[in-house]
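*Asks:* Below are the features I grabbed from Swiss-Prot:
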{"type": "ACT_SITE", "residues": "Ser64", "note": "active site, phosphoserine intermediate"}
{"type": "BINDING", "residues": "Asp14, Ser64, Asp441, His442", "note": "Mn(2+) 2 binding site"}
{"type": "BINDING", "residues": "His125, Arg155, Asp156, Arg187, Arg193, Arg259, Ala260, Asp261, Arg262, Lys333", "note": "substrate binding site"}
{"type": "BINDING", "residues": "Asp400, His404, His460", "note": "Mn(2+) 1 binding site"}
Amino acid sequence: MTSTPKPLVLIILDGFGHSEVPEHNAIFAANTPVYDRLRATLPHGLISGSGMDVGLPDGQMGNSEVGHMNLGAGRVVYQDFTRVTKAIRDGEFFKNPVLTGAVDKAASAGKAVHILGLLSDGGVHSHQDHLVAMAELAAQRGAEKIYLHAFLDGRDTPPRSAQSSIELLDATFAKLGKGRIASLIGRYYAMDRDNRWDRVSAAYNLIVDSAAEYTADTAQAGLEAAYARDESDEFVKATRIGEAVKVEDGDAVVFMNFRADRARELSRAFVEPDFTEFARARLPKMAAYIGLTQYSAKIPAPAAFAPSSLNNVLGEYLAKNGKTQLRIAETEKYAHVTFFFSGGREEPFEGEERILIPSPKVATYDLQPEMNAPQVTDRIVEAIEQQRFDVIVVNYANGDMVGHTGVFEAAVKAVEALDTCVGRIVDALEKVGGEALITADHGNVEQMEDECTGQAHTAHTTEPVPFIYVGKRNLKVRDGGVLADVAPTMLQLLGLEKPVEMTGTSILVDA
């Protein structure tokens, strides 16, 4: 019999950062007796989940994909954002054979290049500098018809902040002497990830057939009209800009988001021959449909930047050592606790089980701030009591998903719901002698108002995240930890040597 405490639970509180500023801080405002008690009585500290510490540009806020990659890999994972930006700076982007091949096919036949993507400086799913570079590449290679179908952000950026991004792209096209913004739509429609196909169909029909609820002469005018209708960037309805632009046979389409999870549904509509999620009015015979990165191995679209493989991530190494593991989350974060935590692998490892709890079907999560966290917790408590698993990895989506709504009162309720859930897990572990690590992937809910603009702060933050050890061992939390140190910490608690690929080091040291 092993003497290792069982199970070891990694609790990832999504979007749950730490800020010393009490104003507009949903964690500070919430009643959190469990969290307060754990921090008062157990080894705890703060670790970094942003910038260079997670493989992003310095000062860039973290996000869920990046956070889970680093948590599961046990090493700093240099992100697609960083790879693409570097390629643009050193000129390799403009020689990328996937991108140049697609553009050349269309341009040589006098056809159009359509650029799709989130027009934003948020850096979470995309970056506007990448869209600028793609427009420049298309122009350099002789494309005369270059159209940007812009998805507006307002979620990883302030709710009404798209004007400067539109101005940047308008200026880019003016400088190039060709190309223009052809359509606007909020990311709520174009970048769904929860099978709300009515939203995706609005984006698809806008891009392919220029079918729009609204029209405007310029993108600036379209944005102003949306604001007059009280639509913030995220929720801007399908708007045609200028003369109708359709995706015709022989055109090339390039999707410039680098993050996969919110690019999959729209991409499927473009490339799956037997697509049935909604009735496509038309499926053009494109010269090429390209993703900036690989959105899924199952989506038949070449990637300009192919995934770099990660070996001996935590899940794989646990399987090699005969350990069992459970991954559990609700829909919104299921991909993060499985695909991203496993280093970009879709299939479970040997001895790995997965539980998906459907997210509630509400328009926005401020309407149900507890989401389905209680049901997630029911399944975790059950798994702890059964003692079938050596390791349980759970993601609670509330801090991030409710934080993104910008509704402070709802965010406070979300934090209080999390506190109750964590308390139930800690109680269940106490009964069986298990252990837990409580942390987060990035900040969000600790800052709910932008101190500069006074607008709701709906984006992630660069704040550090909590790290708490729940267990009986005489340990303390060292300073200077990062997300990549969490997997090595778990291996230490499990009594396993870390593999050579894991360059992170344990956050827990002898007290």
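Cβ atoms here come from the backbone N, Cα and C positions, even for glycine.
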*Asks:* Where does Arg193 (substrate binding site) sit in DSSP terms: helix, strand, or coil?
*Replies:* coil
*Asks:* Calculate the distance in Å between the alpha carbons (Cα) of Arg262 (substrate binding site) and Asp14 (Mn(2+) 2 binding site), and round it to a whole number.
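*Replies:* Arg262 (substrate binding site) and Asp14 (Mn(2+) 2 binding site) have their Cα atoms 17 Å apart.
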*Asks:* Using a Cβ-Cβ cut-off under 8 angstroms and a sequence gap of six or more, which residues of the chain neighbour Asp14 (Mn(2+) 2 binding site)?
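*Replies:* In sequence order, the residues whose Cβ lies under 8 Å from that of Asp14 (Mn(2+) 2 binding site) (at least 6 apart) are Ser64, Lys333, His336, Asn395, Tyr396, Ala397, Asn398, Gly399, Asp400, Met401, Ala440, Asp441, His442, Asn444.
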*Asks:* For the recorded Mn(2+) 1 site, whose residues are Asp400, His404, His460, find every other residue on that chain with a C-beta no more than 8 angstroms from the centre of their C-beta atoms, and list them by sequence position.
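*Replies:* Once Asp400, His404, His460 are set aside, the remaining close residues are Asp14, Gly15, Asn63, Ser64, Arg155, Asp156, Gly399, Met401, Gly403, His442, Asn444, Val445, Thr458, Ala459.
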*Asks:* Compare the Cα of His404 (Mn(2+) 1 binding site) against each of the binding-site residues His125, Asp156, Arg193, Ala260 and report the nearest.
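*Replies:* Minimum Cα distance from His404 (Mn(2+) 1 binding site) across His125, Asp156, Arg193, Ala260 lands on Asp156.
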*Asks:* Reduce the DSSP letter at Arg262 (substrate binding site) to three states and note it down.
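*Replies:* Note: Arg262 (substrate binding site) is coil by DSSP, not helix or strand.
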*Asks:* Report the same-chain neighbours of Arg193 (substrate binding site): residues 6+ apart in sequence with Cβ closer than 8 Å to its Cβ, ordered by sequence.
*Replies:* Asp261, Arg262, Arg264, Glu265, Glu332, Ala335
*Asks:* Look up Ser64 (active site, phosphoserine intermediate) in the DSSP assignment and report helix, strand or coil.
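*Replies:* Assignment for Ser64 (active site, phosphoserine intermediate) reads helix.
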*Asks:* Around the recorded Mn(2+) 2 site, report the further residues of that chain (criterion: Cβ within 8 Å of the mean position of the Cβ atoms of Asp14, Ser64, Asp441, His442; site residues excluded), sequence-ordered.
*Replies:* Ile12, Gly15, Gly49, Gly62, Asn63, Gly67, His68, Lys333, His336, Asn395, Asp400, Ala440, Asn444, His460
